[in-house]
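J.: TrEMBL feature annotations, pasted as is:
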- B:462, B:468, B:471, B:472: Mg(2+) binding site (BINDING)
- B:40-155: domain 'TRNA-binding' (DOMAIN)
- B:409-484: domain 'B5' (DOMAIN)
- B:710-803: domain 'FDX-ACB' (DOMAIN)
Ligand SMILES: [Zn+2]
């Protein structure tokens, strides 16, 4: 009997090792360990054994069963693992195929520029002020030291609705309104972005509607040197630390002294090229010390208060910064243009 | 203003300063020099030649065969095509080897079989603009005066060995509309002296006042009128140096008398006018306002109809000039003129501007009057012109002048303290520095303790207040030398307002779900202005639009966004979503500003989702756009207050459009664009929304507050209801929510069936109802009790029955 059991064990182990599928393995389990299997049969034959032999044989039977069961278990695990690997192998994909597209739009380039400038000045303690696009002649001109009949306010250049109402030609009326609201008390530190309108024929460099962003600082000790320092911070953050700035005297009715700011040309490094008209400098904005008439009209004592203001065109800045060559692109909204401004910077 | 570098040296020593250096210095201290033109740039080998012989070319009608002495050993043969070439002329010859503008090289050539050794040049061939070339030479070659020396550099003789600075003048610096003004400016920059032009002359014993009487009726328009009389003038071309200076400044030479008036205009900035004294037909000049409807022919032979706003110079009865703008044909100087009445006057800018604008006659003269001339130069400019007419037109200048003078010339006196200068500029200047600057400007200064008092010359009419002095100091001290500082003093908090923050969020959200931001025009056409408008108002029209297409302020953004989709669709981008935030304009009555309301509009067309190689495709539909809005309202904490109500909106699909109600108020709409509109724009199915962003961003949202996560399980019951086709899910949902409160926490549509298996006119909607009690576990019985109440309410209020 002992030999028979050993024989059965070896036979079963061999079959287990040779089995190739879980089904085959299960058949082996049923065949050797099942109620009708040969080992059970051996057990049945134990009745003929002596009382001393019986427990010895019983232990041997269990040993054999245990050995076969352990082997089946191990083989089953191996087969299952192989099956998983095979399944995974069959599931392999082409990872170079494109991903499922995520729909994302982006800011219009002008909004991008405006928000960048807003954030830059917010960081310096400015607030963002807004005002109406349709304005009273008073706020658009008179309050800014441009009385009626002043040559700089030619009717031909503005879109009037009535004699007293027009589309604002700059965002400066927001400054006038803000100063008026402060009732002669400082300090004021604002940045005013928005749409403005002028009677220009639309072409590569002109647009009847365009954006402007202006800044105003009014306080008791605001100096020309503060304007120069502020503009330099702005220019370096906006255009790069390697840019130089230069102020040139200029004229605007609402500031005195008035200046224009140039930045050094990036393309030629200041040596002169076609972009900078061979000057090495590119004009960026107009600025100046707030004209005393403007302060007085808004209720400020110009003996006590001084201020500076500056204004620039986001279109021009976007054109310089991104190399856009035609202002009309900003208002055509061609998606092939718009989507070029998606990169986070 | 064009400033000749050579000419400027008549008034100021420019030794050691090149034209380019000068341009740089002028720009830095206040007047932008837009460019420096080298007049003979790229030209060489052009000499004065003498046409010894001229005969017809044997083989060409329009060509001449000339023998020209160009200062070499032998005269050369040159074939010339100019109609005015003639024997004996002194001409400009580009010899073999010469280079003309555009890198045009002159070579020995054969023209129709005849040898040609060079080219006789017109002024335009030498790089001059056609509009400044004297009329007699405009169709052919230029002819030098007989005394021109053969073989010399023709360009030097034409004053082309010069550089011209183009000054871009701001309106306050009208003083630099003259060579003398520029000389004073350069003198201040360089710290050098100004040399004044020659005016002294021997006048005749006759008195100008005996020839003419000046009467000014309109004294406010013309406070000073000076007339000089020059007798026995000989009309002829002006000297070549004068002609070339005029041409370099952009003015066409005519004859000596007219050229002298233009020369003085450039030299002094004072416009002059020369009348033919004999053609005036009277011994009187009367300056008055024109009569309404009065007719007058200007010297460009155009009849003008005048109004009482226009100032005219008359001979006592009829106009002879439109003051400051243009003379009359009836009194113009002609080749036969012998006596000239020379007008030098001070006309008020506004009056001249009105006339020049009304008649479309902007000239060098009117521009100067408009910006204001120096009252102290009126007389001296007349004297200088008379001097030149004596010298170059052999005229006899009568003594004195006939005048009408009510002009009071008060130079501006302005004081400023040194403390203020340094306080405003942020500098640390001493009184000596400041005084030196005003000395260089040739302003009179008095220094008393810390105050400097300045008397500005009348040529600088822009100096009126303290700040004007500040500006002079700043620009001549140099902006480069002003320090860079940042404002000090009480700090201000930098931040966006709540509204601005939320607006930025809305933009980011919409871009995050796939829309591109567009920026379109506020001005549109009458037709488009009112399309899709949320509120009907009168349109606001520009008084003088540039085109009908841009004449009205928009009442909605939608038409522009649809245009954007159309534009892109026509360029192979027919699946696209865009949005815009911007103002619309609601009229408020004649003299009031309109209400500007910020709107938000979005438009999506074509495929919303497509995954090419996986074959997934989904066109945009109502629920895509509604979902976007729902997400936005949820993010803004407004979801609770928003309702969508089926509605009819013009231009929109009648069955696929909803009004958006926020807290009981209509704020916009969402839906499909009407198929006929889609077709017109050549768009695929397009879904849009437009709403008042202002209403959305200003709506009160509940403060964010944590709500306990339920600790007890919920019980879900699904029901399928049969209702009439017209019954909308929103109504059923409301019934469920109100009848199931407070245990009913959530209700969701999970199925909709409208197919054949339904009875005619009926549909089935299935809801999933979720019951929760935050305090304990609900029993089945408790839920059934509430659930039955819900079913009862549905039956009663909406006739909804459970689907069997
Ligand atoms: Zn450059």
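Backbone N, Cα and C atoms are what each Cβ position is placed from, and that goes for glycine too.
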J.: According to DSSP, does residue B:462 (Mg(2+) binding site) sit in a helix, a strand, or coil?
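T.: Looking at the DSSP assignment, residue B:462 (Mg(2+) binding site) belongs to neither helix nor strand, so coil.
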J.: Around the Cβ of residue B:468 (Mg(2+) binding site), how many other Cβ atoms lie within 10 Å? Please give the count over every shown protein chain.
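T.: If we count other Cβ atoms within 10 Å of residue B:468 (Mg(2+) binding site), we arrive at 20.
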J.: For the domain 'FDX-ACB' (B:710-803), DSSP counts of helix, strand and coil?
T.: 31 helix, 32 strand, 31 coil
J.: Roughly where does the domain 'FDX-ACB' (B:710-803) sit in mean pLDDT, to the nearest integer?
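T.: The predicted confidence over the domain 'FDX-ACB' (B:710-803), as a mean pLDDT, is 91.
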J.: Just going by other Cβ atoms within 10 Å, which of the binding-site residues B:462, B:471, B:472 has the emptiest spot?
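T.: Lowest Cβ count within 10 Å among the binding-site residues (B:462, B:471, B:472) is B:462.
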J.: Reported in the order helix, strand, coil, what are the DSSP residue counts of the domain 'TRNA-binding' (B:40-155)?
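T.: DSSP classes over the domain 'TRNA-binding' (B:40-155) add up to 11 helix, 48 strand, 57 coil.
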